[in-house]
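Q: In case it helps, Swiss-Prot gives these features for our protein:
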- Gly30, Asn31, Asn32, Ala33, Gln34, Gly35, Lys36, Ser37: ATP binding site (BINDING)
Amino acid sequence: MYLKTLNLRQFRNYQDQKVEFTAAKTILVGNNAQGKSNLLEAVELLATLRSHRMTRDRDLVQEGEAIAQINATLERQTGVSDLTLTLRRNGRRSVALNGESIRRQMDFLGVLNAVQFSSLDLDLVRGGPEGRRNWLDTLLIQLEPVYAHILQQYNHVLRQRNAFLKRHVETLDATSLHSELAVWDAQLATTGTRVIRRRDRAIQRLAPIASAWHASISGSTEALQIKYLPNIPSEDNHPEEVQQAFLVKIQQRAIAELHQGTTLVGPHRDEIELTINQTPARQYGSQGQQRTLVLALKLAELQLIEEVVKEPPLLLLDDVLAELDLSRQNQLLDAIQDRFQTLITTTHLGSFDSQWLKSSQILFVKAGEIIPNL
């Protein structure tokens, strides 16, 4: 797949900017806070309808404006598509494909695929479980767009159940409380089981690919293991088994949930365990080794998406070369070559050899404006 054009209107610090991509690799050069990352974020939003910055739509709309719009033309083996995402300061976002409004956002997902790799991704190793869950969910949305709907359903039930626990614990008698809670329990178990099974399947597919990349980058001196640790332990990934285990655990934690007024059971408490040589990665070795792990994860994402969608996704590298030493930079640049269309942000061109610079489109970014290399 090849991103041909991108048009940003009133998005972040861009007033009205059109970019035409003329090479497999585009390097965006500029000082910090000029808008380089904002451009990559716009592409990520078209691919996943999520931002790794976890911002609200109103923060994406330029100050003083009511709406922001991201528009792109994308060439795939099946033909050229025109994608539009409209963000509103007050109100719901909307999407359109080839000029036609799309009601279900999951029908928009999967048209453009992209893998984002930024310095924030180092938190995958160092940070808490929520960051790893978000990372896995973003990958899953691209592998299986219906997952966005599945996750939305689960989160909706979770919010409702939490509200019920907070609101009614003190006001209802025991019989009414348990009968009403049983309805929410059943819905939580049904929707949660769908999330668990897909996360489990995704990790089973990703783990061996990431381990192979990790062995290659580390010269086979370190063994990476990725394990999915669902909050609901079950022997089998069969839906009935998982659902039953879910309901059993809810019963076990019922008193604690009533006491704390929140849901303590479900995939919103899952963990993805990363270990190097059987030691938790966050405790293991240097920042360099942690960066190797994240690089292996990102290369595995690229490979897995390509295997599933049968076309190479875009790669978005946000100021990440500065975070990698020379050997890891070369590993990454060698893996990319011209296989993936790549957008790279950097503050200077010193990280690239002359061959790379010759084969790349170089754009300069200053205060929300993009100037080609003249």
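In case you wondered, yes, glycine gets a Cβ from its N, Cα and C as well.
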Q: For Gln34 (ATP binding site), what is the secondary structure state per DSSP, taken as helix, strand or coil?
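A: Where Gln34 (ATP binding site) sits, the three-state DSSP reduction gives coil.
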Q: In the same chain, which residues outside the set Gly30, Asn31, Asn32, Ala33, Gln34, Gly35, Lys36, Ser37 have their CB within 8 A of the centroid of the CB atoms that define the ATP site?
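A: Output for this site, in sequence order: Thr345, Thr347, Val365.
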Q: Can you give me the same-chain residues 6 or more apart in sequence from Gln34 (ATP binding site) with a CB-CB distance under 8 Å?
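A: Counting only residues 6 or more apart in sequence, the Cβ neighbours of Gln34 (ATP binding site) under 8 Å are Asn13, Val365, Lys366, Ala367, Gly368.
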Q: Which entry in the list of binding-site residues, Gly30, Gly35, has its Cβ near the fewest other Cβ atoms, using 10 Å as the limit?
A: Gly30
Q: List every residue in the same chain as Ser37 (ATP binding site), at least 6 positions away in sequence, whose Cβ is under 8 Å from its Cβ.
A: Ser118, Asp318, Asp319, Thr345
